[in-house]
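Chemist: Pasting a structure below so you can have a look.
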Amino acid sequence: MPVFTHLNENNEVHMVDVTPKPDVSREATAKGRIYLRPETLAAIAEGRVLKGNVLATAQVAGTLAVKQTWALIPMCHPLPVGGVTIWFEQTDEYIEAFCRVKTYGKTGIEMEALTGVSLSLLTIWDMVKSAEKDEAGQYPVTRIDGISVIEKIKGTPE
């Protein structure tokens, strides 16, 4: 049976005490995709979106989200964010977002990477939603999926 560290011996939710753990370098990378209409993808690539530079805005939004993860996820520890790198790869069907986060601390930083990639993708959607809607106001093509942690690195204590 799996162990859920956020439940105490009375099966009550609590924030895990990480104070006895040593500080070590940590890194996590997450990715996810947003599927868009070909015309929208072309407009993004050619800088023709009226709201501005979609990918630059998504990078900023993702970075801000990384720094606020502790305030959004109840049992997530506030961590000193040492660095955030967000980048995108575009195909003729989707944009794939990547978010790498680094820290030096007592617990992993994968929730921050997942939050960063998620908000980057949501920001892309928000900036192009007017072009993605059909006549009925629905989004027949637009979807976000495949959000996952693709790498997690934990250093060793000194």
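In case you wondered, yes, glycine gets a Cβ from its N, Cα and C as well.
Okay, so Swiss-Prot annotates it like this:
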ACT_SITE  ASP126  active site
BINDING   MET75, CYS76, HIS77, MET111, GLU112  substrate binding site
Chemist: In sequence order, which same-chain residues at least six apart have a C-beta under 8 angstroms from CYS76 (substrate binding site)?
Modeler: THR69, TRP70, MET111
Chemist: Report the residues of the chain - excluding MET75, CYS76, HIS77, MET111, GLU112 - with C-beta within 8 Å of the mean position of the site's C-beta atoms, for the recorded substrate site, in sequence order.
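Modeler: The surrounding set, listed in chain order, is THR69, TRP70, ILE73, PRO78, LEU79, THR107.
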Chemist: Fill in the CA-CA distance, MET75 (substrate binding site) to ASP126 (active site), as an integer in Å.
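Modeler: Between the Cα atoms of MET75 (substrate binding site) and ASP126 (active site), the distance comes to 28 Å.
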Chemist: Per 10 Å Cβ neighbour count, which of the recorded positions GLU112, ASP126 ranks highest?
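Modeler: That would be GLU112, with the highest Cβ count within 10 Å.
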Chemist: Round to the nearest Å and give the CA-to-CA distance linking GLU112 (substrate binding site) with ASP126 (active site).
Modeler: 21
Chemist: Most Cβ neighbours within 10 Å: which of the binding-site residues MET75, MET111 is it?
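Modeler: Within the set of binding-site residues, the most crowded position is MET111.
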Chemist: Hey, how far is HIS77 (substrate binding site) from the residue listed as 'active site', Cα to Cα, in Å?
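Modeler: Distance (Cα to Cα, whole Å): 28 Å.
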Chemist: Provide the number of Cβ atoms within 10 Å of the Cβ of HIS77 (substrate binding site), excluding the reference atom itself.
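Modeler: Other Cβ atoms within 10 Å of HIS77 (substrate binding site): 17.
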